[in-house]
């Protein structure tokens, strides 16, 4: 009884102490991602949680910090059906047979008791919680974030909030998705005459406007019409995206942010994937000949000028400047400001144009001060419409290509574009990333290179 009272008292003091917001400066010390595989392509056998594990491990290794320094993990993940409980927690622990065996070996009341105590101790991690074979300490909390396409970016924003308030001092944030492994489902009801209807959860949970009962591509068509953006403009943008991505890979620009994925083979050497798959799969001569997908008559959105279904993960290590000094780490960039915005669900493609001004105002920065823009290419028309509404220089937007050519694993993309800016800005420059999400939302993050 006395032990229970002591624990509850400690909890109350802990919550009171750590939720007092002091607005500490937050920096990014590493940012990595896996390659992005095509739908049913090179990474299709790798679960989202495993891709997340690879990204988390890579980010921590790049940061050069002990794993026990990471106090919490947030990972975006949209299409969670069939992945099992708590996908971010699985990614943190490096889910797999060897991981489960190791955990079970230590899973007894003594460990649980020690875990409970270590959460309130002054030590960074309990000795028994740290299992090197698994990766991060077992007592490290993890949370899965779902804000549709903005999930990865929202994870970064929420981690930054926690760090700014002094609730934690070192965190990992990112996103992961395996669209290749998303299951089909049927309703749990008595089978009707004529058989059951299977639904594709990629479409139902990821790509359908639940308010208007149509595909996100129909929203893109609506934006193209309202913004006066032609099929030819969208096709030209897509071709430019593919060209920029190809040039970025050939010059080594994209390789520096990628950690390879090793896929075990039965009786054969592992297959190592270390390059994006999608950007090589294009025939420019066919782009203007493709039929519109979502609006048969006078439609403008095609398979070529829209993003694709993909697999991948990204992760960043964030910490306070005090933690960076304590760990003797030179930051790559600092998080200056971030914001969300919302519009009518059908207008989700233009939502970033409402989030970006909020960020600029909060930071006291002008749009002319932004050296690099990343606007997620859910569809070519998304970027074209936001460039028009924000009146920004298109030559500063998605300079190394984007989701149309590289791919769009929806839980990952928001984290990917922030990480990409981290690697490509020059010292002192500002970079602003914006991403729309289903339901009429958007998120945006402003960073400054150290």
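Just so it is clear, glycine is given a Cβ too, placed from its N, Cα and C backbone atoms.
Caution: TrEMBL annotation is automatic and unverified by curators.
For 26-97, 134-321, the entry in TrEMBL reads domain 'Thiolase N-terminal'. What TrEMBL lists as active site, acyl-thioester intermediate is 149. Per TrEMBL, domain 'Thiolase C-terminal' is recorded for 330-449. Residues or ranges marked as active site, proton acceptor in TrEMBL: 408, 436.
Overlay of TrEMBL feature records on the structure.
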{"residue": "149", "record": "active site, acyl-thioester intermediate", "Cβ within 10 Å": "33"}
{"residue": "408", "record": "active site, proton acceptor", "Cβ within 10 Å": "25"}
{"residue": "436", "record": "active site, proton acceptor", "Cβ within 10 Å": "34"}
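Rounded to a whole value, the Cα-Cα separation of residue 149 (active site, acyl-thioester intermediate) and residue 408 (active site, proton acceptor) is 9 Å. The two recorded residues, residue 408 (active site, proton acceptor) and residue 436 (active site, proton acceptor), have Cα atoms 12 Å apart. DSSP assigns residue 436 (active site, proton acceptor) to a strand. Across the domain 'Thiolase C-terminal' (330-449), DSSP classifies residues as 51 helix, 37 strand, 32 coil. Mapped onto three states, the DSSP output places residue 149 (active site, acyl-thioester intermediate) in strand. Applying DSSP to the domain 'Thiolase N-terminal' (26-97) sorts its residues as follows: 27 helix, 15 strand, 30 coil.
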